[in-house]
Structure formats: structure tokens, C-alpha cells
Ligand SMILES: NC(=O)c1ccc[n+]([C@@H]2O[C@H](COP(=O)([O-])OP(=O)(O)OC[C@H]3O[C@@H](n4cnc5c(N)ncnc54)[C@H](O)[C@@H]3O)[C@@H](O)[C@H]2O)c1
Ligand SMILES: N[C@H](CO)Cc1c[nH]c[nH+]1
Ligand SMILES: [Zn+2]
């Protein structure tokens, strides 16, 4: 049952959930040792143990021909939906792409920032229980817009044939390199390389606690995006909200994982009660054990005084998704401090954002939206600063720079400035 909680019960649930995530650290470290010491052999053993699939050196890499032919195995309506999702996600990321910025100061010096794509990226496509063609698009399209040179994908293998929608989404993104390895072992393979899987510069993508913990472990060896772990939603609803719609949105995130969390904050007792009753009846027909466990163990409803109090609590939770199912939701945006994505108003179902609106659904979880953001084109780019000084600019500023060098006790720095001063000027002006 979806419990009604006090504020302290809610926060102790969230604390316990986070502590449970930390418990996988030792298991993940063992997986790391195995991949580092045994490479592909280690991947094959781990895949058998954890996914029950028999791989060998020649089946770790998925045949590109099957990606190419995937279109034949999906319905026209699914193809249309994935094509439209691709287009919308592409368009959104094109519009949001960071632009180079350059300016001249009063001495004619040129300064600014330019963006360059990361060379190689490994993308984790979750696939333990559900198949995620949407995650293919939400991860890879921003990388395409950024201009990443080499994109490779990994996803857990199955005993049955690979999901054709996942393959078609890869085809849309023109990705031909797919390895059928999942979990923490896939992340270590991408970070360190094995005989078959090449190491990459950055790893992105959501996954369960093992995947997210492994990404944390390799951070620094390679770049990673955010901690995008088990899904989360906080719904703030007032009496204008339809309790059945609220219940459906809570359930949608719960069905991802038994470790997902769905939280309702409302000042309306009767809405809370109707949501609980509806959830019970939805659960009876949905028959999702994961959703039941998630709602019972990690979800809950909390009665609040007003919407401002609900937002204050949500800011402390820092959820992956925040839905404002209230009258005039825009009024409250300025008070929201922490959330991966915010959904405003009754029709902004979180599931629309999961699939088709445009922004990536790869978002920070477990309170990490306090300091990190959802996946975007910037994640696939590096920012470089540019500096081009004129002789006038040099003469005006070098003396001050030299003073600071002196204070820092770095005489060679000062020398490199003094040596260029007026008397030794070579006449080589930079050309902008
Ligand atoms: N935050 C986001 O942006 C976002 C987006 C989409 C999905 N998700 C989340 O992705 C996750 C998908 O989870 P999933 O499990 O279906 O797929 P997954 O691909 O993330 O994980 C499956 C892999 O986990 C490994 N694994 C399973 N049990 C293990 C164990 N006991 N020890 C070691 N390794 C083990 C296996 O190797 C398996 O292949 C869900 O939590 C979902 O909520 C998050
Ligand atoms: N809600 C997930 C992020 O937490 C994304 C997703 C993919 N498919 C369905 N939902
Ligand atoms: Zn979802």
C-alpha cells in the first residue's frame, strides 16, 4: 500500500534508500577487479552469472547488419513514433546547443570560449527488465548534435533476440557499434577497454544501482554524465488535480524499478486518499511486482500546509522529476531550487517527457539534482578559452600581471612578461 507519511518518516525513507545504494559498492568493486584482470573472459563469466546469457568472444559485439535490418521488425506506428521522437529531440538539442562566444576588450584583446566535441563516447542503454529505445535517442541524439566522432553503445544481453525497437533507434542515430554487455561490467569495459570493447573518453547513460555505482567508480578515469539511477518523481498536487492522473504518474515511475521512488505532496486530504485507493486498483490490474515494492518501500504521500511548503520539501528531496499539478503552476517556478526536470500543469505528464517532448530524459537522481543537471549537448563538448592579446593590451596589462607574479614568488612568470615589454617588441601583432 502507498503509505501516508510524516515529514520525518519521508526523509528517513529517502536516507535508507540512499544507504541501500551504497551497499552495492563492494559487489561493484569485485566486478571491476574481474574486468580489469580478465578482460573479455571476465565479461563472459559475469554475463553468465548476472544475466544468465552465454556470450563468447565473437558474440560480445552485436552484428551491425541486424541494426541495419531492424526496421523490418517493428510496426509502422512504432517506426513513426520513434522517427518523430528522434526529430523532436534533435530539434530541441540543436536549439539548445552552446554557442562560441568571443569579445574584444577596450585594448582590442580578444577573449572568449569555444566548444569542441568529445572524441569518443560510450553510451549505456539500460535493459535489465524493460527495453529502452527511448534511452537510445535521449542519450545519443545530444551527442550527434555535439558532433562526437565515435559513439559506441552497450546494453545487457537477453536470452531472446535483441529488441528491434532498440536496434531501430540505434539505426536512426547511425550507431553501428553495439556490445551486448550490461551492468557494472559494461561500464568498466568502456572505461578501461578489453580485447573487444574499446575504451572511450566519456561514459553516459542511466541504469540501475550497479550501473550508477560503477559510473561513480570510474569517474576521473573517464568523464561521466550525472548519477542517473533508479527513477524518481515528486508530484505536488492541489485540489484542481485529477487523483487518477496523479496516481497514474506516480505508478509510471514506480514501474521502472523496485528501487524507484514516487512521492505525493498535497494539502488536500481527500485527494491523497483518492490517489491511494486508485493506486491500489491500478496495481491490481498492472501486476507489477517492482511497482508494488517501490510504492510500498520507498514511496508515500505527505500532507502539507500549502504549495510553498511542498516546494520547500521537494527542494530538500531534489528529485529527478517534479510535477506541479496545481493551478497557475508557472507562478511557483521561481521557488524551485532543485529538480532534474519540472513538469508544469495537468497535461504535462512526465511520460511525455520520457519519450517525445525533446529534453533528454537522462536526469540526475538520489538528490544529485542539487549540483548536477540532465544530459545535454554540453555533456558531449569541452569548453576551451581563447586569449589573443594585442601589443596595446599587453603593454596595458603585463605590468599588473608581473606584480602578481612577484607576489607569488614566480620570477620566470615575471620574466616572460618583462621580456616582451615595449623595448623588445617584435612587431608581430595577432591577426583576429
Ligand atoms: N535516471 C534516469 O535518467 C533513468 C532513465 C531511464 C531508466 N532509468 C533507470 O534505469 C534502470 C534500469 O534498470 P534495469 O535493471 O532494468 O537495467 P540495467 O541495464 O540498468 O541493469 C541491468 C544489469 O544489472 C546487472 N545486475 C542485476 N542484478 C545484479 C546484481 N545482483 N549484482 C550485480 N549486477 C547486477 C546485470 O548485469 C544486468 O545486466 C532503472 O532503475 C530505471 O529507473 C533511469
Ligand atoms: N522515466 C525514466 C527516467 O527516470 C525514463 C524512461 C524511459 N522510458 C520510460 N521512462
Ligand atoms: Zn519513465
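From the backbone N, Cα and C atoms, a Cβ is placed for every residue, glycine too.
Model, not experiment: these values are computed from the prediction.
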Seminar exercise, completed: According to TrEMBL, 253, 256, 413 bind Zn(2+), and the residue from 105, 119, 201, 354 that belongs to that same site is 354
Exercise. Considering the substrate binding residues 231, 253, 256, 354, 408, 413 given in TrEMBL, which of 93, 321 is annotated for that site as well?
Worked result: 321
For this session: List the residues of the same chain that sit at least 6 positions away from residue 185 (NAD(+) binding site) in sequence and have their Cβ under 8 Å from its Cβ, in sequence order, or write 'none'.
Result: 31, 34, 35, 42, 43, 46, 47, 50, 214
Exercise. Roughly how many Å separate the Cα of residue 413 (substrate binding site) from that of residue 124 (NAD(+) binding site), to the nearest whole number?
Worked result: 45
Seminar exercise, completed: Checking the recorded positions 124, 185, 208, 321 against ligand 3, those whose Cβ falls under 6 Å of one of its atoms come out as none
Exercise. Within 10 Å of the Cβ of residue 413 (substrate binding site), how many other Cβ atoms can be counted across all chains shown?
Worked result: 15
Exercise. Listed recorded positions are 256, 321, 354; which sit with C-beta under 6 angstroms of ligand 1?
Worked result: 256
For this session: Check the Cα distances from residue 320 (active site, proton acceptor) to each of the binding-site residues 208, 231, 354, 408 and keep only the ones within 10 Å.
Result: 231
